[in-house]
2 protein chains.
Amino acid sequence: MKGTLLFAQSGGPTAVINASAAGVIRRAQQCGFSKILCARYGIDGILKKQLYDVTHMTESQLRLLADTPASAFGSCRLKLPDPDVNSEIYLWIKEVFRQYDVRCFVYNGGNDSMDTCNKVARYFKKSRYDCAVIGVPKTVDNDLVGTHHCPGYGSAAKFVATCMTEIALDTAVYEKGRVTICEIMGRDAGWLTAASVVAKPDLICLPEVPFDVRAFYDKAMDVYDAKGRCLIALSEGIRDKAGRYVGEAGQKDSFNHTQLGGAAAFLADCITQKFGVKTRAIEFSLPTRAAGHLQSLADRRDAEACGRHAVELALQGKTDVMVTLEWQDGKSVCGSFDLHHIANEVKRVPLQYVTEKGSNVSETFLDYVLPLMEGESHPRYQRGVPVYFDSSVLKTIGR
Amino acid sequence: MKGTLLFAQSGGPTAVINASAAGVIRRAQQCGFSKILCARYGIDGILKKQLYDVTHMTESQLRLLADTPASAFGSCRLKLPDPDVNSEIYLWIKEVFRQYDVRCFVYNGGNDSMDTCNKVARYFKKSRYDCAVIGVPKTVDNDLVGTHHCPGYGSAAKFVATCMTEIALDTAVYEKGRVTICEIMGRDAGWLTAASVVAKPDLICLPEVPFDVRAFYDKAMDVYDAKGRCLIALSEGIRDKAGRYVGEAGQKDSFNHTQLGGAAAFLADCITQKFGVKTRAIEFSLPTRAAGHLQSLADRRDAEACGRHAVELALQGKTDVMVTLEWQDGKSVCGSFDLHHIANEVKRVPLQYVTEKGSNVSETFLDYVLPLMEGESHPRYQRGVPVYFDSSVLKTIGR
C-alpha cells in the first residue's frame, strides 16, 4: 500500500500495549506501506512533529518490543477540542499528515483516546482528507464499551490474581492474623478487583455496588472473629451512596488536614482505631499495569491481533472505527465498532457477578476472566532481571 | 539416624522459606530419621504440640513446597525468656521433645528466631538433654550477621529490581512526569532498597545514611527540573539525624491526628504541597517477600542447601550453630556460625556502597547483588495463576 502509516500510543500504559504496536508495525511492513512512523508522546508528538521512523524495525526488535510494558513510544493525556467548534488544531494535524503523506492513522488508547480518534476521523471526513483512522483499544481497567474485553486487562488481572494468591498465603502464616485490605486499580469499574476472586479473599468490594461502611465493618469483623484474619480486595473507585469516593473522604479529616493514602489505608486505620485489631493496607498501585514479567500470553496475543487487525481494517477502506475483541467458541475474534458509539461511556461489571449482598464476587466470573489470564509469556531475563526494549535506539525524523 | 527431627519456621515469610523446609525434610528422609515432624506456627506449635508428620512427604510434594512462598507450616513471633531467669517454658519444650524423641531441632528464621534457637540450645546443654539445635537463616532484609547473604534476600531483591525496572519504564511515558517515590522493605537495613540500583533510579535513600529532608528536596527537584521526572527508591527505615523514622514523623501531625501511609506517602505529599509538583508514592509492601512467581533460582538453591546443611551439621554432632552462606569463587558455600554471636546484631549495608553524598548507591553493589538474583524458577501455572502447596493436605499428629 502506498503512503505512510502513522501509529501513536496514548493514556496509561499496560503490560501489552507494545504488543499492539508490534502487531501494527509488522502487518504494515508486510502490506508494503512506504513509510511507518510512530509519534513520540502520542498526539502531542504529531503536533510537534516528533516522529520515529520504524519502517525497518527488525523482527527481533519487534519481539522485544512486544515483551516490554509501558508505552515504548511515549504517551500523552491531551484532550482535543470538538472539531466543529475549534478546528485550528485539526488543520495543523492535517498539514503534518500531508507533509508525511499519512494515509492510515492507528491510535492505541482507552476511552479518551478513542474520543480523540473519533474527532480526527470526523474532521478528516468533513475536510475531505483521505486517511483511514482506526482505534486500537487498551486499558487495564477493561471499561471500554463495544468489546468483550480489552487488551491490557488480562495481564493486569493475572497480576492481581497472582499477587492475591501470594498475599493470601503470606497473611495466613500466623495463628492470629490481621485484617488485610488490598486496594486495586480500575477507576470506576471493578473488573480488576473482581479478578481477585481467583484467590478467594473473604470480601471483594466493587465500585459497582454503593459502599456501606457499617456493613463493611460488620462483615470484616465477623470474618476476623471466626478465622483470626480477614483478607479484603477493594476497588480504588468505591463510593458511598452519595457518590463520594471513600479515598476522597479520607483525604481530609474534620480539621481539614490532608490525610495520606487511599481507601484501603483509610479503612484499615479506621478498623484499628475502632476495633483495636491489627490491620495492613496494601495498594497494588502501578505495578498492576507495569508488570511485563507477568504478561498473560492470551492478552499478548489479543493485543498483537488488535494491532494487526487495525491495519486490515484500513486496507478494507474502513475509518472511524475501533478494533474490538469478540468472544466466540471460547476464543477471541477481532471485529470493529463505530468510534462515535464509544466516547465517554464506561463498561462496568454486570451486577449478576456480585454476591453476598455486595461483599463478594461469584465464581462464575472465573469463566470470564480465566481465559484472558491464561498462558505465560516470560520475558528473557539477563542477570536476574527482565530485558526490555530500549526506546533510545529509535531514531526520530526531522521536523 | 535414630530419633525424630523436628523442624519449625518463624518470623516473616520469604519467597524461598519453604525451599529450606524441603531441603531439611529431603535430607532427613535420606538420613533415615525415624520420624520427621514440622511444628505448626513455629515454636508456638511445639508448646501446643501441634505437629505435622512429614516423614513420608513425596518428592513431588517437596518440589511443590519449594515453589511456594510464605511459611507453609505457619509461623509465630513468640519471644522466649532467658532460660537462666525463667526456665519453665524450656522444661515444657524438653518434655515435648522427649515425648516425640526429638534429637535434632532445626529452626528457620531471622534475628529473633536465632536468639530463640540459641536459648533452647543453651538450656538443653545445661539440662543435659541430647539434641542438636541448628538455626537456618531466612530474611528478606538480609540483616543477619555471620553470613554473606541470607536465603530470602535474593528473591526479594529480584522483585525490587524487576518492579523498579518496570516502574522506570512506566513513569517515563509522559513528556512531563512526576516525582515517584517507591518505599521498599528492609527495616533498619538498606539491602533491599540498594537492589533497586539495577534499574538506576535517580535517588536511592538507605537507612544507613541519616535522612536530611532539605537535601532530599533539593536533589529531587534538581532532577525533576532537568528531566521532567524523578524516580526515587526509599527505605522504609530511613530516619533523621535524631533517629526518628520519617514515616513515624508523618504519622502524627501537629494536632496529633493520625496520618496514614509511610515515609514515601508522607514525602510525596510534602513535595506536592511545597513545590506544586505531581507525585506518586508506591509502597512495594508485602508482595516483596511473597512473590513466589519471581523466585530467584540462586536464592532457592541457597535456601535448599541451607536446609540440607542443617541436617549435615546435626549429623556431625554440632549444636547451637546457624548455617551460613559464604561467598567463594563466585558461588555460595555453606558454613556455620555460633548462635550466641548473632543475637540482636544487625548487618547493615557498608557505607562504601553509598555515593552522591548519601543519595545513591554505587554500581559496584551489582557485583554483590546480581549473582543472588540470578536465574528463574518459574512455578507451574494452571489457568493463568501459579500453583502452590496446599498446607491443608498436611496431617497433624495428636497432642
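Every residue gets a Cβ built from N, Cα and C, even glycine.
Note that TrEMBL annotation is computational and uncurated.
Feature annotation from TrEMBL assigns active site, proton acceptor to B:Asp141. Feature annotation from TrEMBL assigns diphosphate binding site to B:Gly12. The Mg(2+) binding site annotation in TrEMBL covers B:Asn111. As annotated by TrEMBL, substrate binding site applies to B:Thr139, B:Val140, B:Asp141, B:Met185, B:Gly186, B:Arg187, B:Glu236. According to TrEMBL, the domain 'Phosphofructokinase' annotation covers B:7-313. What TrEMBL lists as site 'Important for catalytic activity and substrate specificity' is B:Asp112. Here TrEMBL flags B:Lys138 as site 'Important for catalytic activity'.
Feature annotations (TrEMBL) mapped to structure.
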{"residue": "B:Gly12", "record": "diphosphate binding site", "Cβ neighbours (10 Å)": "24"}
{"residue": "B:Asn111", "record": "Mg(2+) binding site", "Cβ neighbours (10 Å)": "21"}
{"residue": "B:Asp112", "record": "site 'Important for catalytic activity and substrate specificity'", "Cβ neighbours (10 Å)": "16"}
{"residue": "B:Lys138", "record": "site 'Important for catalytic activity'", "Cβ neighbours (10 Å)": "28"}
{"residue": "B:Thr139", "record": "substrate binding site", "Cβ neighbours (10 Å)": "26"}
{"residue": "B:Val140", "record": "substrate binding site", "Cβ neighbours (10 Å)": "30"}
{"residue": "B:Asp141", "record": "active site, proton acceptor", "Cβ neighbours (10 Å)": "26"}
{"residue": "B:Met185", "record": "substrate binding site", "Cβ neighbours (10 Å)": "24"}
{"residue": "B:Gly186", "record": "substrate binding site", "Cβ neighbours (10 Å)": "27"}
{"residue": "B:Arg187", "record": "substrate binding site", "Cβ neighbours (10 Å)": "18"}
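Checked against B:Asp141 (active site, proton acceptor), the binding-site residues B:Asn111, B:Met185, B:Gly186, B:Arg187, B:Glu236 differ in C-alpha distance, with B:Gly186 being the nearest. The substrate site is set by B:Thr139, B:Val140, B:Asp141, B:Met185, B:Gly186, B:Arg187, B:Glu236; from the centre of their CB atoms, other residues of the chain with a CB within 8 Å are B:Asn142, B:Asp143, B:Ala156, B:Ala189, B:Trp191, B:Leu192, B:Gly237, B:Arg289. Counting in whole angstrom, the residue listed as 'diphosphate binding site' lies 7 from B:Thr139 (substrate binding site) by their C-alpha atoms.
Every protein chain considered, the tally of other Cβ atoms within 10 Å of the Cβ of B:Glu236 (substrate binding site) stands at 23.
Cα distances from B:Lys138 (site 'Important for catalytic activity') to the recorded positions B:Asn111, B:Asp112, B:Met185, B:Gly186 are smallest for B:Asn111. B:Arg187 (substrate binding site) sits 12 Å from B:Asn111 (Mg(2+) binding site), counting Cα to Cα. Of all residue pairs in the substrate-binding list (B:Thr139, B:Val140, B:Asp141, B:Met185, B:Gly186, B:Arg187, B:Glu236), the one with the greatest Cα separation is 16 Å apart. Computed over the domain 'Phosphofructokinase' (B:7-313), the whole-number mean pLDDT of the model equals 94. Taking CA atoms as the reference points, B:Glu236 (substrate binding site) and B:Asn111 (Mg(2+) binding site) are 18 Å apart. Note: the Cα of B:Asp112 (site 'Important for catalytic activity and substrate specificity') and the Cα of B:Val140 (substrate binding site) are spaced 14 Å from each other.
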